[in-house]
Amino acid sequence: MKIHLDKSLPGGNIAVPSSKSYTIRGLIAAAQANGQSHIISPLIADDTLATRQVLSGLGININTDTGSESWEITGNTFKAPSGNLFCRESAATLRFMSAVCARLPFECHLLAGHSLMRRPMLPLIQALHQLGIEIETRGNTTVINGQVITRSKVSLPGNISSQYVSALMLMAPACTHGLEIHLATPPASLPYLKMTKQTLGSFGIKVHSSIDWQEISIPPQPYLPARYRVEGDWSSASSFLALGAIAAPVFISNLDTDSFQADRIMIKFLAEMGAEIESGQNWVKVNPKPLSGINADLTHSIDLLPALAVAAACAKGQSILSGVRQARIKESNRIRAVSQGLSAMGINIIEEDDRLIIEGGQPKGAEIDSFGDHRIAMAFGILGSVVGETHISDAECVTKTYPDFWKNLESLGGKVTQDV
């Protein structure tokens, strides 16, 4: 699907969807608890439905009759799957469930979607090998021969993806002797490890971590059933936060300003650029002001790259977005996708190994390739609605995390039409 955006000045009120990261973590924790848990206000999108589908294929009963407000999970009813378990394009589902399947006493085949096949799994596979697990990748399939895990020490790099570490944390309580996880390098995206620890705590799991988070210890212990409420998603909010900074005031509800989510830092970056930020209990308002360039380190908030780059393109002066190397191994090579998109819109941009240098200017409409990446589509959807005459390919990719994105943009006054 291709979207056409005419020039407009979108602004107004919007409620962002629930957090993908917290929904997936909550589902997997609830699946391992004895008894019934409730996930309140889950995100319903491709990635979370992938996790739900995989868990259902493993025998976990997830009752969704209550609709979108609550899912009821009866945990610890795992059984050998009757077929392949499809993870769609969800890296979190593939990585987290690879670890969970490793501690189940049967063979599992996890299938990856097309773009997910390109994303690295080796550090997690090597970590599971250290624990005695037989796991290998065959084309788009990860084959796991699970077993009772009696080894308790594992080491892996922390600087490639926090998801490998979170995967081990989610499986650790069910290991015979728990797990002691050593990170050979400082962790990237540290807030995501804190989110995993927070979720585990909600289900009764005690986690011990060193100050630098390079040593994590989780004793063997049972998951306890819980009522687990999912907060709003700061990553999904980031494009609309950028919109408020470059177009018209935007009021966003369902955002916890005390959240552990890494991408909460977006409002700090926008404030440093000159935007006016107001906030209260569960809401943020961004008012546009003349923006200046920024030096921003995105090491722990890599998903902000597209949205912050769009704001930088509209700012006066140069912006340097550093710590972005790992953006190359997301749903697309986001460094290349952002660079190509902004260049097509007339913005001077220099692409380096670990940073982007953006000279702010006056973007113009262009043909934008989203590369099937939801965050690229959303960020350029915002910019395209402000400058007009913009076409975005594969625009349906937003269903990965934000199915109502285009509808919400229209509700704010964006002129969005689907090309036929």
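Note: Cβ is positioned from N, Cα and C throughout, glycine not excepted.
Copied from Swiss-Prot, the annotated features are:
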ACT_SITE  Asp303  active site, proton acceptor
BINDING   Lys20, Ser21, Arg25, Ser161, Ser162, Gln163, Ser189, Asp303, Gln326, Lys330  3-phosphoshikimate binding site
BINDING   Lys20, Arg119, Gln163, Arg334, Arg375, Lys400  phosphoenolpyruvate binding site
At the level of the C-alpha atoms, what whole-angstrom distance separates Arg25 (3-phosphoshikimate binding site) and Arg334 (phosphoenolpyruvate binding site)?
25
If you count other Cβ atoms within 10 Å of each one's Cβ, which of the binding-site residues Arg25, Arg119, Arg375 has the most?
Arg375
Among the recorded positions listed as Lys20, Ser189, Asp303, Gln326, the Cα nearest the Cα of Lys400 (phosphoenolpyruvate binding site) belongs to Lys20
Roughly how many angstrom lie between the C-alpha atoms of Arg119 (phosphoenolpyruvate binding site) and Lys20 (3-phosphoshikimate binding site)?
18
Using all protein chains in view, find how many other C-beta atoms are within 10 Å of the C-beta of Lys400 (phosphoenolpyruvate binding site).
23
Among the recorded positions Gln163, Asp303, Arg334, Arg375, which ones place their C-alpha within 10 angstroms of the C-alpha of Lys20 (3-phosphoshikimate binding site)?
none
What is the separation, in Å, between the Cα atoms of Arg334 (phosphoenolpyruvate binding site) and the residue listed as 'active site, proton acceptor'?
9
Inter-residue C-alpha distance, Arg375 (phosphoenolpyruvate binding site) and Ser162 (3-phosphoshikimate binding site) (nearest angstrom)
19
Name the one residue among Ser189, Asp303, Gln326 whose Cα is closest in three-dimensional space to that of Gln163 (phosphoenolpyruvate binding site); these are the recorded positions.
Ser189
Secondary structure of Ser162 (3-phosphoshikimate binding site) (DSSP, helix/strand/coil):
helix
CB within-chain contacts under 8 A for Gln326 (3-phosphoshikimate binding site), separation at least 6
Ile160, Ser161, Ala188, Ile302
For Ser189 (3-phosphoshikimate binding site) and Asp303 (active site, proton acceptor), what Cα-Cα distance in Å is obtained after rounding to a whole number?
10
Rounded Cα distance in angstrom between Ser162 (3-phosphoshikimate binding site) and the residue listed as 'active site, proton acceptor' is 13
Whole-number Å value of the largest CA-CA distance among Lys20, Arg119, Gln163, Arg334, Arg375, Lys400, listed as phosphoenolpyruvate-binding:
19
